[in-house]
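Chemist: Here you go, one structure.
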Amino acid sequence: MTALTDAPTTRVRLTVGTQAALITLLVGAICLALEPVAPWLVKWPAAWVLPATDWVGSILTTVLTTMKPVARGFSALMAYPMDWANFVLNGTPWPLVIGIVTAVGWYLGGLPMAALGFLGLSFVLASGYWSESMNTLALVAVSVPLALLVGGAIGVLANEFPRIKNALQAVLDIMQTVPTFAYLTPLLLLFGFGPVVGLIASAIYAAPPMARNVLLGLERVESEVKEAAVMAGGTRLQQLFQVEIPSASTQIMVGVNQCLMAALSMVIIAAVIGGFNDIGWEVLLTMRKAQFGEALIAGMVIVVFAMVIDRMSGALATERKRYDTRVVWGLLGFAVIFTVAFWTRLPVPSDLTLLDPVSDALDNGLTEFTRSNGAALDAFKNNAMFYVLLPLRIGLDQAVLPFTWGFAWTTNMSLGLFLAGAAIGAVLAWRGNVTGGLMVLIGFGMLETGISNLPWPFVLTGAAALGWVAGGPRLAIMAAGLLSTILISGLWDRALLSLYLSGAAVFACAVVGGLIGLLSAISPLAWKIVRPICDMLQTIPLFVFLIPVLMVFQIGEFSAFLAICAYAIVPMIRYTRHGLVNTPEEMMEAAIASGATQFQIMRDVKAPYAAPTILLGLNQTILYAFAMLVIAALIGTTGLGQSIYLALGKADIGLGISAGAAMAILALVADRLVQGFAEERRKALGL
Amino acid sequence: MTDANTPAIACQDLWQVFGPGAEKALTDALARSGNDADAASKILRETGYVPAVQDANFDVKEGELFVIMGLSGSGKSTLIRCISQLLDGTGGQIRIHGEDIMTASKQRLIELRRKKLGMVFQHFGLFPHMTVLDNVAYPLRVQGVSRKERLKKAAEVIELVGLEGREDRYPRELSGGQRQRVGIARSLVADCEVWFLDEPFSALDPLIRRQLQDEFLEIQAKLKTTIVFITHDINEALKLADRIAIMRDGKIVQIGTPTDIVLNPVDDYVREFSKDVAKGQHARVASVMHQGTEGVGPDDPGLRTDMTLDAALAHCMELYEPVPVRDKEGNLVGMVNPADLAAALQVEEA
């Protein structure tokens with residue numbers, strides 16, 4: 001990073017960054033120049049592709065088929081708790097369920113939490129999606145204990161046996177980057193169609209956060225507390241269960257919270273395989289039928305559940321006041337009396353249509369809105385597509401057409417573009433920033449070519465160069481090596497498409513999110529407004545993001561782009577603000593005492609100090625964007641996400657797993673590169 | 001196994017080396033250096049190991065209050081963790097009442113800790129999820145003592161450390177001084193015979209520290225346990241100790257009584273410590289007394305062998321001739337030149 005933003009010096013020095021940029025530029029230029037004589041330098045020839053996807057498919061199919069009887073047995077076994085949970089949740093009269101949730105809310109967080117529980121569930125009741133919601137909850141209710149048990153056990157074992165800890169952490173890292181849909185295909189083969197797949201998938205997806213937090217919590221128990229337990233003469237089991245685990249309870253509760261949210265999110269995503277009448281399926285169905293009013297209401301139901309579960313389990317992780325238990329009993333008593341008194345007159349929840357007028361009104365309003373603003377919306381969408389997204393994807397040379405831009409792209413224009421790039425680069429280089437100049441030139445080249453048409457040697461060299469600058473030769477080899485596996489397995493084109501869309505979204509998030517974060521850091525008022533929105537966006541399960549963008553912009557890449565941005569922008573905002581706000585007071589005072597203005601403090605003190613934190617935010621944003629990219633395949637994206645989704649439909653394990661692995665590789669490489677830069681910055685600041 | 005002559009704790013050639021494969025590295029280093037500890041440490045350091053405790057040799061007598069003193073990083077905390085077997089020593093022997101605990105089984109160690117050993121920690125090490133009463137009773141809980149009995153015993157110890165009335169508080173609701181009282185009570189609840197205290201008062205502010213030191217001495221007078229006490233504060237060491245071991249960079253550089261340490265420091269490092277000490281308050285007249293009474297002056301200000309130098313000097317402010325010194329019984333045992341008294345109090349130039 002230092003190298004990229006090297007302070008101006010009059011003498012031209014070839015730093016690592018400059019060399020890396022120069023090599024990358026040369027490789028790119030040579031590939032493009034030689035394209036007419038050697039097209040294989042740009043496009044990896046189909047003849048060179050190894051049928052890795054098929055191999056993966058046949059190997060996995062064999063393995064999974066042998067495991068199938070066991071899995072089916074397990075599946076049959078899991079049907080019991082599932083049926084039972086379903087029976088309990090659906091069989092309990094709704095006033096009792098609402099009463100219990102309200103009482104639990106009171107017990108955990110007093111009046112506000114009780115109100116949240118009561119109003120939230122009342123909304124669910126009024127929406128008419130009560131029984132679908134209970135079906136979803138039944139899945140969560142069975143998968144979460146499973147995930148807690150497995151995750152907790154993994155966390156404890158990792159703590160007990162340091163030797164397996166590193167391996168385990170790597171596995172957890174990878175599990176976090178493998179897209180959710182990719183789990184589903186092999187599970188489908190193993191367990192067959194049905195709710196059990198959703199159950200297992202959500203348990204698998206929800207266990208890692210629990211394991212991580214249990215391990216973290218146990219590691220963070222003060223060493224003297226552990227030693228005190230040893231010196232008291234406790235056996236290892238006594239130390240663990242009487243001292244260490246209870247001492248780590250706060251962190252473990254954070255794990256429970258994350259586990260619950262992950263399980264809920266995955267249960268809803270798993271609805272795409274169908275076969276279970278739950279709320280996620282309802283959203284999908286109404287979305288497909290373009291009944292957006294209903295889809296929105298169903299989405300709201302999911303959001304309500306997410307909020308209630310999140311806030312209530314979050315209260316477990318904070319030190320809390322004890323609320324009067326008499327109120328709890330009073331609430332429960334009231335619910336029982338209410339149920340008994342109105343037993344014969346309780347409406348069947350599914351017949352409730354209180355919110356139907358609302359959804360109708362929403363539908364009509366939407367139709368009206370799109371009709372009257374259709375032109376403006378289309379113009380907005382088309383401008384964004386034609387002038388930003390499309391050129392990024394296929395390059396100016398192909399995106400500029402008389403149809404879109406009003407004129408055709410000519411060779412002279414290409415020349416002009418390169419000249420302009422060279423001029424800007426030369427100015428930067430002349431002022432001492434050679435690396436910056438080279439980067440500008442590379443950027444202009446990429447703009448001309450388009451991300452999906454980039455020559456493969458250029459991408460590999462570029463990744464290796466970034467790796468070299470960020471973390472040395474090992475990272476460079478890792479980045480290039482991992483990406484090569486995508487190249488030779490024939491998923492390269494789709495990977496570049498995914499890279500383009502997530503890249504565009506990450507870039508937009510970085511700019512907009514960074515600005516919002518900056519604003520929130522400067523103005524407490526802005527943060528007061530932004531913060532609940534961020535909390536909200538982070539609570540909403542991925543799936544629900546699709547509804548509003550689809551309503552307004554229909555199926556297509558632009559909608560996917562917006563959905564990704566909406567989800568991935570949050571960490572950028574949070575980390576930027578956090579980094580800027582948490583500059584040590586002493587440094588600020590030193591700057592003020594030196595007579596720096598507000599702007600100078602921001603530029604010279606706060607921003608450099610916050611850089612590592614902001615980079616971590618960017619890292620999170622990248623991972624979020626990849627996660628959402630796959631979900632967004634539901635509403636029309638090309639690339640790996642689409643492949644994973646298609647593989648799910650065709651139960652094509654080879655494609656599903658390979659594409660999933662390719663996504664994971666992209667995410668992993670991006671993650672390591674950004675982490676490398678952040679680490680380097682932290683070291684430079686002596687943190 | 002124990003008789004009057006067996007030391008409560010005996011450390012022999014004790015080493016604690018950190019690093020992968022430390023045991024082999026230590027054996028190799030000792031072999032290469034011909035069993036010379038300093039040379040072996042040098043070899044270990046050069047090969048990337050950390051010899052945190054080097055060749056420690058000392059005995060702690062039954063009922064003795066043995067203080068280990070040194071700056072941070074000198075290895076004193078490591079040493080006490082070796083003796084209490086929170087760390088497996090890398091080489092050497094530790095005997096507690098004659099029993100080699102380095103080779104003791106896990107089961108035996110648990111038993112020892114339940115019956116014989118108690119430990120107090122610098123940052124208290126209290127269990128955050130337990131009340132004061134439950135914290136104190138925990139060592140009895142792991143032994144399977146019934147709840148009623150262990151709470152009764154815990155209440156007794158809580159009274160001993162003056163925390164009665166706070167049994168149901170949680171550690172986070174207590175001040176630092178109160179927390180350490182809980183730590184002390186917990187370490188005493190199982191009637192330990194050997195008591196380890198790892199900088200117990202260092203995290204407290206000076207007034208509370210002095211108060212707890214005094215109470216600690218009272219408790220010790222009552223219980224008469226064998227104590228290993230770690231501190232970085234020379235004044236605390238001099239105030240509490242029967243004997244002091246001074247550590248530097250993993251090595252014990254001097255072991256002696258407080259007077260020895262103050263008056264006869266073995267090297268500049270120890271001298272540097274005693275510089276800060278008001279010597280007159282710790283050294284006794286005996287340490288500067290001459291045998292015989294030849295040339296003693298006419299005045300007798302009534303000096304005793306066990307008087308501190310400060311007190312003695314106060315008695316002979318106006319005197320220049322040697323004065324007689326008597327022991328406790330009043331027998332004449334020697335004489336002191338007042339000039340020597342004053343000279344002994346001079347801060348030595350480094």
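Backbone N, Cα and C atoms are what each Cβ position is placed from, and that goes for glycine too.
In case it helps, TrEMBL gives these features for our protein:
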- A:48-67: transmembrane segment (TRANSMEM)
- A:87-107: transmembrane segment (TRANSMEM)
- A:133-313: domain 'ABC transmembrane type-1' (DOMAIN)
- A:137-158: transmembrane segment (TRANSMEM)
- A:259-276: transmembrane segment (TRANSMEM)
- A:296-316: transmembrane segment (TRANSMEM)
- A:328-346: transmembrane segment (TRANSMEM)
- A:407-430: transmembrane segment (TRANSMEM)
- A:475-492: transmembrane segment (TRANSMEM)
- A:495-674: domain 'ABC transmembrane type-1' (DOMAIN)
- A:499-522: transmembrane segment (TRANSMEM)
- A:542-570: transmembrane segment (TRANSMEM)
- A:622-647: transmembrane segment (TRANSMEM)
- A:653-674: transmembrane segment (TRANSMEM)
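Describe the structural context of these features.
Modeler: Long-range contacts of the transmembrane segment (A:48-67) within its own chain (CB-CB distance under 8 A, at least 6 residues past either end) are made by residues 40, 186, 189-190, 485, 488-491, 652-655, 657-658.
Remote same-chain partners of the transmembrane segment (A:137-158), defined as residues 6 or more beyond its termini with a Cβ less than 8 Å from a stretch Cβ, comprise 78, 81-82, 85-86, 88-90, 164-165, 168-169, 195, 198-200, 202-215, 217-218, 240, 245, 252, 255-256, 259-260, 262-264, 266-267, 276, 278, 305, 309.
Long-range contacts of the transmembrane segment (A:328-346) within the same chain, counting only residues at least 6 positions beyond its ends with a Cβ under 8 Å from a Cβ of the stretch, are 93-96, 98-100, 102-103, 106-107, 114.
Long-range contacts of the transmembrane segment (A:407-430) within the same chain, counting only residues at least 6 positions beyond its ends with a Cβ under 8 Å from a Cβ of the stretch, are 12, 396-401, 436-438, 440-441, 443-445, 447-448.
Under 8 Å from some Cβ of the transmembrane segment (A:542-570) lie the Cβ atoms of residues 180, 265, 268-269, 271, 280, 283, 287, 292, 295-296, 299, 302-303, 366, 370, 377, 381, 384-385, 389, 501-502, 504-506, 508-509, 512-513, 516, 534, 621-622, 624-625, 627-629, 631-638, all in the same chain and six or more residues away from its ends.
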Chemist: Quick check: do the transmembrane segment (A:259-276) and the transmembrane segment (A:87-107) share at least 3 Cβ pairs under 8 Å, counting only pairs 6+ apart in sequence?
Modeler: no
Chemist: Could you tell me whether the transmembrane segment (A:87-107) and the transmembrane segment (A:475-492) have 3+ CB pairs under 8 A, leaving out pairs under 6 positions apart?
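Modeler: Between the transmembrane segment (A:475-492) and the transmembrane segment (A:87-107), contact is absent.
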Chemist: Mind checking which residues of the chain, 6+ beyond the ends of the transmembrane segment (A:622-647), have their Cβ under 8 Å from one of its Cβ atoms?
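Modeler: Counting only partners 6 or more residues beyond its ends, the transmembrane segment (A:622-647) has Cβ contacts under 8 Å with 176-177, 179-182, 185, 269, 272, 284, 491, 494-502, 505-506, 509, 542-543, 545-546, 549-550, 555-557, 559-560, 563-564, 567-568, 570-571, 653-656, 659-660, 662-663, 666-667, 670-671, 674.
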Chemist: Short question: which residues 6 or more past the ends of the transmembrane segment (A:499-522) have a Cβ under 8 Å from it?
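Modeler: Tertiary neighbours of the transmembrane segment (A:499-522) are 388-389, 392-393, 450-452, 530-531, 557, 560-561, 564-565, 568-577, 580-581, 602, 606, 614, 617-618, 621-622, 625-626, 629, 637, 639, 666.
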